[in-house]
Amino acid sequence: MGSTLLPDTGAEIFIPVCALIGIAFSLLQWLLVSRVKLSPSAEPRNAGAKNGYSDSLIDEEENINDQAVVLKCAEIQNAIAEGATSFLFTEYQYVGIFMAAFAILIFLFLGSVEGFSTSSQPCTFDKTKMCKPALATAVFSTVSFLLGALTSVLSGFLGMKIATYANARTTLEARKGVGKAFITAFRSGAVMGFLLAANGLLVLYIAINLFKIYYGDDWGGLFESITGYGLGGSSMALFGRVGGGIYTKAADVGADLVGKVERNIPEDDPRNPAVIADNVGDNVGDIAGMGSDLFGSYAESSCAALVVASISSFGVNHELTPMLYPLIISSVGILVCLLTTLFATDIFEIKAVKEIEPALKRQLIISTVLMTVGVGIVSWVALPSSFTIFNFGTQKVVKNWELFLCVGVGLWAGLIIGFVTEYYTSNAYSPVQDVADSCRTGAATNVIFGLALGYKSVIIPIFAIALSIFVSFSFAAMYGIAVAALGMLSTIATGLAIDAYGPISDNAGGIAEMAGMSHRIRERTDALDAAGNTTAAIGKGFAIGSAALVSLALFGAFVSRAAISIVDVLTPKVFIGLIVGAMLPYWFSAMTMKSVGSAALKMVEEVRRQFNTIPGLMEGTGKPDYANCVKISTDASIREMIPPGALVMLTPLIVGVLFGVETLSGVLAGALVSGVQIAISASNTGGAWDNAKKYIEAGVSEHARSLGPKGSDCHKAAVIGDTIGDPLKDTSGPSLNILIKLMAVESLVFAPFFATHGGILFKIF
């Protein structure tokens, strides 16, 4: 064993300082975005020719009054912001009731393990020592659950606020050149990324220190109660993802089917009644939902690592610095992402459309390379040269360089998954171009090619995940897998900045169209949006890959906590759980897909009704009723998000209570194995269909132009494929990674109760 180069005091200062630096940097980025004014008088006229274009607005907007354009953009932005805020408040009211009920359930279940006794009890993993009562675990798990839920809500809400603040500003900057628009959108995404990463780290660190006042030397009990933080984060993420996904796709499908296919009007045309709801949906689904989702992954991977560490030599010997190793990795991640962001906003200048996607890819590469160096330094200074890690009843000797390799393999596996996702979803490569080409013979062949692409895109990511699991488990057992997941999420601030950039650019394009800006500006926002679609797919790839590692780490912690010595798939108890667990992602996907379909049906009927009954709507003289479409999306998503959410939240409770921990371990393994495959294929299929449509619309290459302009039969077939893919890539696919994580972390939190009182049916019969 041995001491660490970084003293305990150094670790205790380093973590909160890095979190505060992250918050300060996000506020600085917000300040820079706010310099783009939404008032006509404050717009500069001639400020040079940076970013490859003149700043003069007159030649950009030849026939449009400049002040009218700015005011129109501000008006549209307000409508989108109001719709998004209204939806999230409504969603949080319903989810708040659910969370309060679930918090009571946590307290009752965990408190009843020792009959609500307040006396100390023998420690789970060392019967010679006395630990805090189960009632304390119940109270503190409930508190950390509520803390995680509130942090998740805050992460999603702040992300949505900055996105709706920045969308019109990105549109206005597009008049000066694609470079300035890119920087505005990217900085706005960085605000969300750094706020989320820093807040998640800071709240977790404060919670650990506050809980330590009561727990003292009982680190096993302390970090067991902290797992509620991950459960709270993922619970809110589930409802945010499902509710937001249903909202955005109901509006999107309704707007596309009637507007593009039936009425042959452009995307985001102000005559389309669903256009505001569609733009609101980008913020509540892709921004607030993704923010909560990745926060949940971060919280759970940290909790899984801390739980395993607390029963290893770090926790047993009360070595604080190595115990906080997962938080130190995240702290270094904030500093690395800060440096990486400067490359996009200050060092490399975007001068042409073709430079956008390489600039975003460069962010991933730079952050991964810098983080590898950072993790190497942290592993050297924050870990002893040799230590032991708990491995299902035994202590495994591990070297600090082995733990560095575990984090590194997760970090680079994330990059591989990101680039494979980009290859299968970007219209710069042959897979998407083949899908676009298949539209020549209609929508059916487009669908067939798209599905085949999605299934094929699963192969390399699964090998990458499998390799990282094998390497990390071989070196450091379940703790290795937990820190590999943390490695994948260590650059979360950059990942979220890239991911949030997409919906902001999409909104900017919509505002440009609705404000009646020139075709030239719409081309720039479309280029930003196309790159954003690919980066959104990369973000989903990261989220799914990290979810697989996180849920496996949580699974290991659950098996240890429930005192299961071996999970034998040949026993009937485990196998029935395995096969039922593998079915759950299909059941969940069916519910979410049907929810989108039902909501879209109502939206299509409403849009058709308005086109048929409002005089002069198609001619542009009549005004559509945007508010009614927003209401349809809001009502449908709130109503439809409850059944899928209940399925995920109640399954571990029902299985654990009725069938016991062995069957539940089978359910978790089955859901993990099938859920990851469906999630990757669904996200990539939807992303490919979307970019195949954009490939035809942009008409950049000779091949794309041969497929016809907007409105051609080929384009209509591509729109149908895109419409089918919408719920796959933005509702079912992203929500599945929360399903596999949430069931695992919930099982871990309730493990003491299931181990003591579970398996009622097997006890009776």
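Note: Cβ is positioned from N, Cα and C throughout, glycine not excepted.
Noted in TrEMBL for the protein shown:
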TRANSMEM  13-33  transmembrane segment
TRANSMEM  94-113  transmembrane segment
TRANSMEM  133-160  transmembrane segment
TRANSMEM  181-208  transmembrane segment
TRANSMEM  323-344  transmembrane segment
TRANSMEM  364-383  transmembrane segment
TRANSMEM  403-425  transmembrane segment
TRANSMEM  446-470  transmembrane segment
TRANSMEM  476-498  transmembrane segment
TRANSMEM  542-564  transmembrane segment
TRANSMEM  570-588  transmembrane segment
TRANSMEM  647-680  transmembrane segment
Among 94-113, 323-344, 364-383, 570-588, 647-680, the stretch with the most Cβ pairs under 8 Å to the transmembrane segment (542-564) is 647-680
Given the transmembrane segment (94-113), its same-chain partners at Cβ distance under 8 Å and 6+ residues beyond its ends are 134-135, 137-139, 141-142, 145-146, 149, 228, 231-232, 235-236, 239, 638, 642, 645, 649, 653, 749-750, 752-753, 756-757
Quickly jot the same-chain residues contacting the transmembrane segment (13-33) by Cβ under 8 Å, restricted to those at least six beyond its ends, or write none. 6, 162, 165-166, 169, 184, 187-188, 190-195, 197-199, 201-202, 205, 324, 327-328, 331-332, 334-335, 338, 341, 493
When each of 181-208, 403-425, 647-680 is checked against the transmembrane segment (323-344) for Cβ pairs under 8 Å, which one has the most? 181-208
